[in-house]
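Data first, discussion second: the structure below is written as structure tokens.
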Amino acid sequence: CVQPSVPPVPNYKLSMSVPEWLQAIQTYMKMLQYNHTGTQFFEIRKTRPLSGLMETAKEMTRESLPIKCLEAVILGIYLTNGQPSVERFPISFKTHFSGNYFHHVVLGIYCNGRYGSLGMSRRSDLMDKPLTYRTLSDLIFEFEDSYKKYLHSVKKVKIGLYVPHEPHSFQPIEWKQLVLNVSKMMRTEVRKELEKFARDMRMKILKPSSAHSPMKDRSRGKSLSPRRRQASPQRRACRRDKS
């Protein structure tokens with residue numbers, strides 16, 4: 001029988017521009033394909049230190065199995081490590097459609113005064129966005145508009161902090177430093193909050209919120225306790241980012 005071809009892991013070349021490199025990473029993720037099986041191939045515990053998550057990302061490149069949105073974020077961080085001009089941060093969405101809530105996450109990218117994203121989804125316009133958005137709010141509103149096409153209303157947006165470029169860091173990823181109930185806010189208000197946060201991020205003056213209130217984060221229960229039913233938050237996250 002014919003062995004399925006394993007996509008080669010992209011290698012950064014000095015001749016590449018940042019957008020070209022991000023495109024190479026996204027193309028690689030698309031070659032791995034979106035995981036429609038209903039089985040999560042890689043366990044991603046959001047509370048794990050970065051070093052452990054980078055080991056999982058390495059495993060993804062070895063196994064070449066289909067991935068979902070959370071795995072794509074971890075893989076995107078792994079493949080952009082060592083590019084200090086590229087800042088990476090998680091962006092999570094909670095949406096409502098037909099009586100149900102859905103969760104999705106992408107990797108926000110900031111470089112040379114522009115925002116974009118990397119990610120995986122069943123929907124081509126709910127994953128990667130080119131590095132062309134002048135502000136963080138422009139990027140978030142672009143996702144919101146994409147969701148509207150599938151009749152999903154965005155209820156909450158969570159923005160994490162920049163992920164360190166040190167792959168051996170014992171620091172966990174800060175997934176939700178800013179939480180906005182966008183369905184209850186005017187766009188002008190959302191823009192103002194996002195721009196203040198983006199400015200603070202660029203100045204690197206924000207500290208992880210979990211450092212002050214680990215219990216508050218845990219009380220919500222969803223994303224921080226995937227052990228209970230191992231793949232449930234992630235599977236729900238991306239299985240349902242379609243309409």
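Keep in mind that glycine also has a Cβ here, set from the backbone N, Cα and C atoms.
Copied over from TrEMBL, here are the features:
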ACT_SITE  Cys69  active site
ACT_SITE  His104  active site
ACT_SITE  Ser121  active site
REGION    205-243  region 'Disordered'
COMPBIAS  221-243  compositional bias 'Basic residues'
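A straight line from the CA of Ser121 (active site) to the CA of His104 (active site) spans 8 Å. Taking the C-alpha positions, the distance from Cys69 (active site) to His104 (active site) comes to 7 Å. In this structure, the active-site residues under consideration are Cys69, His104, Ser121, and the one with the smallest number of other Cβ atoms within 10 Å of its Cβ is Ser121.
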